[in-house]
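Asker: According to Swiss-Prot:
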type: BINDING; residues: 9-16, 56-60, 119-122; note: GTP 1 binding site
type: BINDING; residues: 186-193, 233-237, 298-301; note: GTP 2 binding site
type: DOMAIN; residues: 3-167; note: domain 'EngA-type G 1'
type: DOMAIN; residues: 180-353; note: domain 'EngA-type G 2'
type: DOMAIN; residues: 354-438; note: domain 'KH-like'
Amino acid sequence: MKPVIALVGRPNVGKSTLFNRLTRSRDALVADLPGLTRDRHYGEGRVGARPYLVVDTGGFEPVAKDGILHEMARQTRQAVEEADVVVFIVDGRNGLAPQDKSIADYLRKTGRPIFLVVNKAEGMKYTAVASDFYELGLGDPRAISAAHGDGVNDMINEALEVAYAGEPQESEEAAAARGIKIAIVGRPNVGKSTLVNTLIGEDRVIAFDMPGTTRDSIYVDFERNGKHYTLIDTAGLRRRGKVFEAIEKFSVVKTLQSISDANVVILLLDARQDISDQDAHIAGFVVEQGRALVVGVNKWDGLDPHVRERTKADLARKLKFLEFAKFHFISAAEKTGIGALMRSVDDAYAAAMKKLPTPKLTRALIEAVEFQQPRRRGPVRPKLRYAHQGGQNPPIIVIHGNALDAVTETYKRYLENRFRETFSLTGTPLRIEFRSSTNPYADKD
């Protein structure tokens, strides 16, 4: 699973600036979830082939007793507990503050790897910047400028060396033997643990821990109708005897890690509750990660027909961006609708891994353009010449041509729908990339 880097420090030391630098964005992938302060954000970064999650915590007051500072401190502690590496940021311009000492005292007790980072060090000699902070007892300070990027790459590379050390690497053969990896995600109390137990059956549980990170990752292998699957622990499912029960402390980090690690995600919703912003944020992260998706609307049994219609309308309105996914109305407790749900899991995975031959893609592209040409932008009309597959899981279709910057988002969605229909790409996000070039085979017989 992707390691977690937590950014910790008192207010105004540059945590958000470093967050934006590491994630190469000005916003979080998942933000403002209910129960979280607006100052705690989650994003994704990558160095080469090493992806990671980064948590931007609020300003930390370790001894805050009540109010918003207490809540921010509680959430920061949770972020530290879930982190593989903690980056403790201090302010090189203003020097050592009493609050820095309190935070350092707390962090030393956690047992987490700590990287002491002195920010705002641009234009200053290292000895002058670092000297004050040795007394924190956290080793050699690393001087950076989050605003300008100085020293950031070296720092994050060192942090990832620590975070990935001891991470168990699974062979391709072992991964294939596991079958489809499924993450079941959703808010607390939507029925995740009930669905897990319905899927695996009490007498077929094979659970084991994979040590090597600060959080043991629980995988559950099971077989259904002769097919092998692996369930990934999602946000607090823990085994008690032969049954899995939900620990109702919603963990954003675990949810994001599980989604990233999965082949297919089952987003579980509660038919008896309104669709929340949190549901939409989780769904958005699944799409952003390019994961195949099936939506299960649980607790459907016994609902009044009028309530069912209202729920369907609510789903269509609030989750319109999931039109590519299959929705199933199920009861995990009564074990109804589960077979169809799992068939959609198989179909979504098959779609995500489908191979799309270049001749067929190009033919589909030409037919789409003949049916509806892209609009001109001023005097320029885009010319779409040929297409090939650029990747799987999710499928990536690369379109070559001229003046492709003029292709509108509306036309891009039109092409996506045409490709989905032609190649039966239900249940998976689809990426379309445009590259201005010429077809090397255009003038050849």
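One is the number of the first residue shown, and numbering goes on along the chain from there.
Glycine residues also receive a Cβ, built from the backbone N, Cα and C atoms like all the rest.
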Asker: Within the domain 'KH-like' (354-438), count helix residues (DSSP H, G, I), strand residues (E, B) and coil residues, in that order.
Answerer: 32 helix, 24 strand, 29 coil
Asker: Considering every residue in the domain 'EngA-type G 1' (3-167), what is the mean pLDDT value?
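Answerer: That stretch averages a pLDDT of 80.
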Asker: Counting across all protein chains shown, how many other Cβ atoms sit within 10 Å of the Cβ of G186 (GTP 2 binding site)?
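Answerer: Cβ-Cβ neighbours of G186 (GTP 2 binding site) within 10 Å number 26.
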Asker: Among all protein chains shown, how many Cβ atoms are found within 10 Å of the Cβ of G9 (GTP 1 binding site), not counting that one?
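Answerer: If we count other Cβ atoms within 10 Å of G9 (GTP 1 binding site), we arrive at 24.
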Asker: What Cα-Cα separation, expressed in whole Å, is found between A121 (GTP 1 binding site) and G186 (GTP 2 binding site)?
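Answerer: About 42 Å separates the two Cα atoms.
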Asker: At the Cα level, what's the spacing in Å between T57 (GTP 1 binding site) and W300 (GTP 2 binding site), rounded?
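Answerer: Checking the Cα atoms of T57 (GTP 1 binding site) and W300 (GTP 2 binding site) gives a distance of 38 Å.
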Asker: Using all protein chains shown, find which of the binding-site residues N12, T57, N189 scores highest when you count other CB atoms within 10 A of its CB.
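Answerer: Ranked by Cβ atoms within 10 Å, first place goes to T57.
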Asker: Sorry to bug you, but what's the C-alpha spacing from G186 (GTP 2 binding site) to K15 (GTP 1 binding site), rounded to the closest Å?
Answerer: 29
Asker: In whole Å, how far does the CA atom of G9 (GTP 1 binding site) lie from that of G186 (GTP 2 binding site)?
Answerer: 30
Asker: Using Cβ atoms only, which residues of the same chain lie under 8 Å from W300 (GTP 2 binding site) while being at least 6 residues apart in sequence?
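Answerer: The list for W300 (GTP 2 binding site) reads A271, R308, F329, I330, S331, T336, G337, given in order along the sequence.
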